[in-house]
Amino acid sequence: MTYYELVITNIKIMSINNQLRELIKSGTFAGILLIIAFTLAIIVSNNIFLTKYYSSFIYSKFSLTIGNVRLQTTFIELVNDGLMTFFFLLIGLEMKFHLVEGEHKNKKKLILPAVAALGGVVVPVLIYMFFNYDKPRLIKGWAIPIATDTAFVLGILSFFSRHISLELRAFIIGFSLIDDAFALIILALFYTKTINTPALLISSVIIFILFILNYRQVKQLFYYIIVGLLLWISMVESGIQGTLCGAIIALFIPVNIKGEFNTSFKKLENLTSPFVNYFILPLFVFMNSGILLEYFAFKGTCSNSILALIYGIIFGLFVGKQLGIMLFSYPFVKFKLCNLPSDTSWLKFYSIAILGGIGFTLSLFIGSITFESSCPSNSMRAAVIIGSLISALFGVAVLKYCTGKE
């Protein structure tokens, strides 16, 4: 190889590396990983030779000992109830940063994302209840269609980055985070098992310790990690979803200390983000998306009543999300209580509302703690995937149409 060819080769390698970095930074890569994880789960769960290995992998049992506490669990439970804590930690960190230092420091700019998120919760719930109000076994799944998968939405929008203004991106992030906040509150209030009062009191004491750490403006992450681990154990023992402790910890880590930005806060967010987006979420999707293809044709449904569950989720995600976001947002903009993001038409805003119906990861998470028996669980997962897929395809089509005119 000549010197000239070597230089050209190095330039090409550097160009590829730069493109990969940009791909990872844009959020597209996280969305691609989720699609790959989902595809692999469908393939292995429907392959006669691989399905037994898949099942033995996700349901393999082992015990975890922390101090005097011994937890016996399966791998899928460890991911859903343990590792997903980091997902909620990241949500909490991003939420706090955007409120204190980010785009939504100006509270007026928070009005539109807040009302859009509220509409995106209320209407999907009403639609789900319309189909399942007379089915006591299925009505408890009402929170499944309220979620929006931020990683997927941002991944899709990265392909339209030239047409997405900074204000519109800020709206999308704000809407997604507030939507996640509603999901967290609903999980804490309505999806709690039998309460263990002594463990709940211990959790309260630990949360008070977090308050003291915040009040004293302690910035060392070590203390928050230790206290957070104790909080997770006590919350699991109390019957409350232990994963929620991630968001609680994030709320108590100070963003600013004595008027200066706390670099430890951003350091934790930077460490958590790739771990969550490139490992935990793909692993969660892989372990929770393995269902037989017959469920997508509704041939595997156990009874006609399960169809109500399926319709409630699909219509809740696809119709409920877009309808709720638009119905709640329009009056606020019309009466000048807030403004649409800059360079954003109502059609473009509508395309974002449709993409809000991509529930996927968080919808699967809520569904996994709602339905444990295989019949409703498999139908629930198929419905979440179908509803999210329809929302993604239709949202992209509308967004492509309106950006094509710009």
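In case you wondered, yes, glycine gets a Cβ from its N, Cα and C as well.
The list of residues near the transmembrane segment (29-49) in space but at least 6 beyond its ends in sequence, with Cβ under 8 angstroms from a Cβ of it, reads 23, 149, 151-152, 154-156, 158, 277-278, 281-283, 285-293, 360-361, 385. Summarising the annotation, Swiss-Prot assigns transmembrane segment to 29-49 (among others) and lists sequence analysis as the type of evidence.
Within the chain, the transmembrane segment (75-95) has long-range Cβ neighbours (under 8 A, six or more residues past its boundaries) at 57-60, 62, 64, 173, 177-178, 180-181, 184, 232, 236, 241-251, 253, 265, 268-269, 272-273, 275-276, 280-281, 283-284, 287-288, 365, 368-369. As annotated by Swiss-Prot, transmembrane segment applies to 75-95 (among others), with the evidence given as sequence analysis.
Annotation comment: Swiss-Prot describes 111-131 (among others) as transmembrane segment, evidence class sequence analysis.
Residues or ranges marked as transmembrane segment in Swiss-Prot: 141-161 (among others). Long-range Cβ contacts of the transmembrane segment (141-161) within its own chain (Cβ-Cβ under 8 Å, at least 6 residues beyond either end) map to 26-32, 34, 120-121, 124-125, 127-129, 132, 169, 172-173, 175-177, 179-180, 182-183, 186-187, 190-191, 277, 281, 309, 312-313, 316-317, 320-321, 355-363, 365-367, 370-371, 376, 380, 384, 387-388, 392, 395-396, 399-400, 403.
Taken from Swiss-Prot, the feature transmembrane segment applies to 170-190 (among others).
Marked as transmembrane segment by Swiss-Prot on the basis of sequence analysis: 195-215 (among others).
The transmembrane segment annotation in Swiss-Prot covers 220-240 (among others), and the record cites sequence analysis as its basis.
Note on the transmembrane segment (242-262): residues 80-82, 84-93, 95-97, 100-101, 184, 187-188, 207, 210-211, 213-214, 217-219, 221, 224, 227-228, 231-233, 235-236, 268 of its chain, located 6 or more positions outside it, place their CB under 8 angstroms from a CB of the stretch. The annotation transmembrane segment is assigned in Swiss-Prot to 242-262 (among others).
Non-local neighbours of the transmembrane segment (278-298) in the same chain are 29-30, 33-34, 36-38, 40-42, 44-46, 54, 58, 75-76, 79-80, 83-84, 86-87, 151, 307, 310, 360-361, 364-365, 368, 378-379, 381-382, 385-386; each lies 6+ residues outside the stretch with a CB under 8 Å from one of its CB atoms. The transmembrane segment annotation in Swiss-Prot covers 278-298 (among others), and the record cites sequence analysis as its basis.
Beyond its flanks by at least six residues, the transmembrane segment (306-326) meets 116, 118-132, 135, 138, 141-142, 144-146, 148, 175, 298, 349-350, 352-354, 356-359, 363, 375-376, 379-380, 382-384, 386-388, 390-391, 394 of its own chain at Cβ-Cβ distances under 8 Å. Sequence annotations record features per position, and here Swiss-Prot assigns transmembrane segment to 306-326 (among others).
For 349-369 (among others), the entry in Swiss-Prot reads transmembrane segment.
Marked as transmembrane segment by Swiss-Prot on the basis of sequence analysis: 382-402 (among others).
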Any chance you could find the range in 111-131, 220-240, 349-369, 382-402 with the most Cβ pairs under 8 Å to the transmembrane segment (170-190)?
111-131
Remote residues contacting the transmembrane segment (349-369) - C-beta distance under 8 A, at least 6 residues beyond either end:
34, 80, 84, 116, 120, 141, 143-149, 151-153, 156-157, 168, 171-172, 175, 179-180, 183, 187, 191, 241, 281, 284-285, 288-289, 313, 317-318, 320-322, 325-326, 329, 340-341, 377, 380-381, 384-385, 387-388, 390-392, 394-396, 398-399, 402
Report, as numbers and ranges, which residues of the same chain sit near the transmembrane segment (111-131): CB under 8 Å and 6 or more residues beyond its ends.
104, 139, 141-146, 148, 171, 174-175, 177-179, 181-182, 308-309, 311-313, 315-317, 319-321, 323-329, 332-333, 337-341, 353, 356
